[in-house]
Amino acid sequence: MPESADPRDRLIVALDLPDVEAAERLVARIGDAATFYKIGYRLAYAGGLDFAARLAKSGKKTFLDLKLHDIGNTVEEGVRSASALGATFLTVHAYPQTMRAAVRGRGPGLKILAVTVLTSYDDADAAEAGYALPIADLVARRAEQAAEIGIDGIVCSAVEAGAVRHRIGPSGLIVTPGIRPAGAEAGDQKRVMTPGQARAAGIDHVVVGRPITGADDPRAVAQRIVAEMEDA
């Protein structure tokens with residue numbers, strides 16, 4: 001399991017906010033309590049990619065959660081563009097052709113993460129979407145394919161982390177959304193753990209959004225999460 005020199009890197013704050021101004025305010029309030037930020041669709045479509053580049057230039061790490069999935073050439077060129085923004089992580093959907101294209105486009109310093117199954121899904125959702133396998137088996141199969149292709153890490157729920165680690169080995173990254181501090185509401189996440197449980201399960205990075213972004217004191221919440229993982 002890869003270790004970061006800075007324990008704060010294990011926490012990725014999800015900037016699921018409506019505009020860049022709100023994101024800038026939150027980053028300023030958190031200060032040095034966090035070093036790693038995720039930009040997803042909502043912020044990306046509101047100027048968030050330029051903001052991500054500025055964050056990277058300021059010394060922060062950025063995770064572009066864009067979940068690319070398209071024809072190979074489009075994915076490959078999209079990954080090259082993300083590399084130019086100074087991103088640390090970029091997500092693609094864990095389909096073999098998509099993952100191979102992403103590996104071809106990967107530049108220095110960028111790590112590609114494959115999204116296995118969204119953490120808002122349970123087995124009933126997967127069945128409704130037409131998948132024949134239960135989620136645990138689907139995640140394991142996609143993780144194994146990702147490792148064979150050369151993907152840097154896997155995005156999965158904490159519940160599947162052990163099975164994923166078995167398939168990607170000790171050097172692969174496991175990044176987990178759906179993390180909620182003790183006492184926080186699960187929201188639309190269906191497969192959740194606390195930060196301490198996630199760290200004990202061998203997860204490298206946890207993604208936390210609303211418990212931080214909606215807090216009266218987001219800096220303090222970020223500090224507590226980092227401390228909880230340190231103590232696990």
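Our numbering is plain: 1 for the first residue shown, then up by one each step along the chain.
From the backbone N, Cα and C atoms, a Cβ is placed for every residue, glycine too.
Per Swiss-Prot, substrate binding site is recorded for D16, K38, 65-74, T119, R180, Q189, 209-210, and the stated evidence type is sequence analysis. Within its own chain, K67 (active site, proton donor) has T91, V92, H93, V115 as residues 6 or more apart in sequence whose C-beta sits under 8 angstroms from its own.
In the three-state DSSP classification, K67 (active site, proton donor) falls within a strand. The feature active site, proton donor is assigned by Swiss-Prot to K67.
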* Would you mind pulling the DSSP three-state label for G209 (substrate binding site)? => coil
* To do: Output the one of G72, G209 that, of all these binding-site residues, has the highest number of other Cβ atoms within 10 Å of its Cβ.
  => G209
